[in-house]
Amino acid sequence: MKKKRLGRGVIVLLFTFLALTLSACGDPRLTTFSPNGTNAEESLYLIKLSAYIMFAVMAVVFVLLLYVIIRFRAKSDDTSIPKQVEGSTLLEFIWTAIPVIIIIFLAVITINMTFSMAQDHSEDPDAVKLEVIAHQYWWEFRYPELGIVTAQDLYIPKGKKIAATLRGDDVIHSFWVPNLTGKIDTNPGYNRDGTLQNVNRFTFDSKTTGIFLGKCAELCGPSHPLMEFKVIALEPADFEAWVAKMKEPVQVKGQTAVQGEKIFQQNCAACHAVDASDQAKRPGPNLANIGNRLTIAGYLPAETEADMRESLVKWIEEPNRYKPQNEQATVKTVVMPPFKDKLSKEEMNELIDFLLEQKQYDPANFKIGTEVK
Ligand code: CUA
């Protein structure tokens with residue numbers, strides 16, 4: 001008997017843990033509980049509404065249960081058989097009708113909000129158009145009207161609708177920024193005539209400036225949990241500045257960086273571009289502004305220049321170690337090869353000097369977990 005109770009305790013703990021982790025609890029930049037966008041606000045409203053209804057139902061049931069247990073408990077000297085009741089049409093009607101009404105009420109509100117979140121703003125001239133292309137294991141962001149291609153760090157203006165079309169390049173991924181919006185799948189696939197298949201559309205926004213974490217929310221391979229990205233919401237004027245800066249090529253200054261540029265051209269330029277213009281489309285992630293990235297490869301630390309240097313060396317030398325299955329070209333359309341034995345220590349340093357000079361736009365004092373001012 002005791003053992004059974006213990007088992008139940010473990011199950012309750014496990015469910016509490018799952019509820020907290022699955023709702024992305026813990027990181028203030030990765031939580032559904034502090035919404036910064038319209039979609040996230042509506043989601044939280046639905047979560048709260050259904051939770052409050054559930055608590056109200058539980059309260060009524062438990063109060064009735066307690067009342068019945070106490071009021072009708074057997075007295076020690078009472079051996080009589082209580083009055084036998086077989087069915088009550090009125091009671092049965094009540095406990096069927098109430099749940100049906102609750103479910104219809106929830107359904108109407110949920111369906112309404114789901115359709116409002118799924119609104120397509122791709123024809124809205126005020127909306128920022130965005131193409132999201134998910135790859136194993138990184139994110140590509142294209143702004144067709146602005147002529148910009150970038151990766152991993154998604155810049156958006158605060159208060160504007162972001163009309164996104166989303167697709168996957170290899171397998172199914174899912175775009176999720178808990179503070180701003182719910183999940184939406186990015187599907188791969190082409191029609192026989194070569195046009196894209198299963199492209200998803202949706203619109204989201206950020207009501208505040210700030211940095212929010214995004215995750216891939218669809219199991220897409222061994223490095224799925226490392227498939228992270230950032231959303232950087234700027235004041236509209238700052239966003240305009242970012243757009244202008246991203247199109248300006250960086251003039252490399254340092255002696256070693258100039259050497260690094262040659263190494264980059266020989267080893268990296270077939271897959272990566274360091275300018276964000278539309279003409280710079282390559283199979284690998286765009287590296288414009290990489291000197292200001294918040295992380296390297298989506299999750300390796302880049303807080304200080306020393307961190308960034310270390311992370312870049314790790315990643316360039318052994319990408320397969322830091323993103324498992326990166327090397328399997330069977331499904332993946334883009335493979336980052338290891339450069340451990342291809343570049344000398346000196347060449348690696350020069351290459352990194354070149355990459356660290358790629359700083360088009362530096363939003364002042366931004367760090368994950370703080371607001372961009
Ligand atoms: Cu991409 Cu999980």
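Along the chain as shown, the residues are counted starting at 1.
Each Cβ is built from the backbone N, Cα and C atoms, and glycine gets one as well.
Computed from a predicted structure; not experimentally measured.
Per TrEMBL, the features are:
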{"type": "DOMAIN", "residues": "24-121", "note": "domain 'Cytochrome oxidase subunit II transmembrane region profile'"}
{"type": "DOMAIN", "residues": "125-245", "note": "domain 'Cytochrome oxidase subunit II copper A binding'"}
{"type": "DOMAIN", "residues": "255-359", "note": "domain 'Cytochrome c'"}
{"type": "TRANSMEM", "residues": "49-70", "note": "transmembrane segment"}
{"type": "TRANSMEM", "residues": "90-115", "note": "transmembrane segment"}
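Sequence-distant contacts of the transmembrane segment (90-115) (same chain, at least 6 residues past either end, Cβ-Cβ under 8 Å): 42, 45-46, 49-50, 53, 57.
Across the domain 'Cytochrome c' (255-359), DSSP assigns 48 helix, 5 strand, 52 coil. If you take every residue in the domain 'Cytochrome oxidase subunit II copper A binding' (125-245) and average the pLDDT, you get 92. Remark: secondary structure over the domain 'Cytochrome oxidase subunit II copper A binding' (125-245) totals 13 helix, 62 strand, 46 coil, with classes taken from DSSP.
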